[in-house]
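Below you'll find the structure, written out as structure tokens, and then a few comments.
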Amino acid sequence: MQERNNYIEIEDFLSNESFNLWVKYQIDEQNWEEWTLEDPKRAKLVEEARLWILAMKVSEPTLNQKTIDIALEKTWGKINKKEKNINIFQKSPKKFLDNKWIKSVAAVFILGLISSWFYNNTILNTTSTPIYNELIQDNKEGLVEQTNNSSKPQIITLSDGSSVLLQPNSKLSYPKTFVGNERKVYLSGEGFFEISKNRKKPFFVYANEIVTRVVGTSFRIRAYDNQPDIEVLVHTGEVKIKSNQSVTKSNNQEVVLFPNQALQFSRKNLTFNKINDIKTDRTLIQTTDNIEQLSFDFKDTPVNQILKIIEEAYLVQIDYPKDKLKNCYLTTSLNDQPLPEKLKIICKSLGNNTTYEMNGNQIIITSKGCD
Amino acid sequence: MGDEKAFSHLFEKHYAHLIRYGNSLSPLKDKVQDCVQEVFTDIWIYRESISESIVVKAYLLSSVRKRIARHQERDRFFGKTTSIDTIEFLLDFSIEHDLIADETTANKVFNLNKLLNELPSRQKEALYLRYHQGLSVDEIASTLDVNYQSANNLLYRAVLNLRKDWKDIILLFLAVTTSLL
């Protein structure tokens, strides 16, 4: 910094941080006031510089922390996507397209794209191809598939602690453990999802032509191969939905849904229809299940009763020592928690000597009672 | 892990400022968000090869500007804009009303503010980068993609013209008030 006694232009003052602080916030670390009064000529210059600062205000940017958090999360998503692309092309950096072999592969690939576009646009809408099968073939993570052929919903727990209540005639494919910065699962049919919160690893549900993205919420997706619409109903939290561009080749629109909102996606026209309040839509509310209608807010409720409600909601069987727990009461809110998390919270509140074990739809709680 | 933390920190520290700068260059808010996020994306991906000595703030600001310019070139809905030079700095300077006590000062500041906002867009942008972002003339030159001398001229001309105009106005103002008396 220039010695201030040599300042002759107002520019000198304007770029001096300490001077700015003094004018704007009256923080006089370097005795500007005294220094100004020493010399009348100087005072004139200082006064002019002050006016400049007053006339040049730029307010502080106003973005709240939440917006920034969301943006950061989006950026991680972009990073992942880009890193993947780079990995594909890295092997032969510059002369990638010079290679004849690559050229022919590219030609085949492009041909494939054109034909799949043609296919999607002409055949898909009339016969509804099982997109689900194509999607899981593209995934290289080594997926586990669970099919519900029974007549009752089935509970599936995922490696991140999320749980999915899979309806009859539905399938879900998911990796045994989630690796990388994304959690991806594939649905055909209908399921109610309760996703454990992890801002760094967004959770994606691929269901026919749409992709649903969340960080930790609960919602229902209905995406049957033989139905003309896909439906997403949000129970808690925030859910973002896009059409899957690798399937639809169009429509980059993203729809954000909040609790009690729903979305109908027309598979024929690739259009979104947003419903702002599920509760006012009778046909929609009828399609929700016990799990959305039961409340998990408990106030001094006997633990035995809480466990019964869980059994009813998730269609599981819980084996627990009724006698030992009969005098235990809990006050807690378990809304918006996946099933494993609900059980964990209950066991923890009962004290150190309570644990649970889960095997399919069988749950065993071991306890010596509450402390 | 340490890298990730540092990255998040960098992001949180600069994101809001960059969005504001971006918004002053393009009215398309979604595009601006994309551009800023892409700048950070590249920083992460090329973090090994970015030299440590670069001044973070200047680098970020100029990256955002270049990316917006590139998007403008690419996107048809911008109409005629084709090169980096046609990017317009749309931000208006406002007045520190809270710090003004008397009417004379208020009048002076009001006139000066008006003149400032009437400056050619590039001069305004140079002033913003210099006095609000604290960039050096060198850094402004590279952000605006001009040489050092031009950047210096932009700043110097802005202030010089303004002081001249402003003195005229104040003299006029004084003349009017004294003649009224």
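Using N, Cα and C of the backbone, Cβ positions are placed for all residues, glycine too.
Marked as domain 'FecR protein' by TrEMBL: A:156-240. Restricting the average to the domain 'FecR protein' (A:156-240) gives a pLDDT of 89.
Counting residues of the domain 'Protein FecR C-terminal' (A:296-365) by DSSP class, helix then strand then coil, yields 28 helix, 23 strand, 19 coil. Feature annotation from TrEMBL assigns domain 'Protein FecR C-terminal' to A:296-365.
Secondary structure of the domain 'FecR protein' (A:156-240), assigned with DSSP and counted as helix (H, G, I), strand (E, B) and coil, comes to 0 helix, 50 strand, 35 coil.
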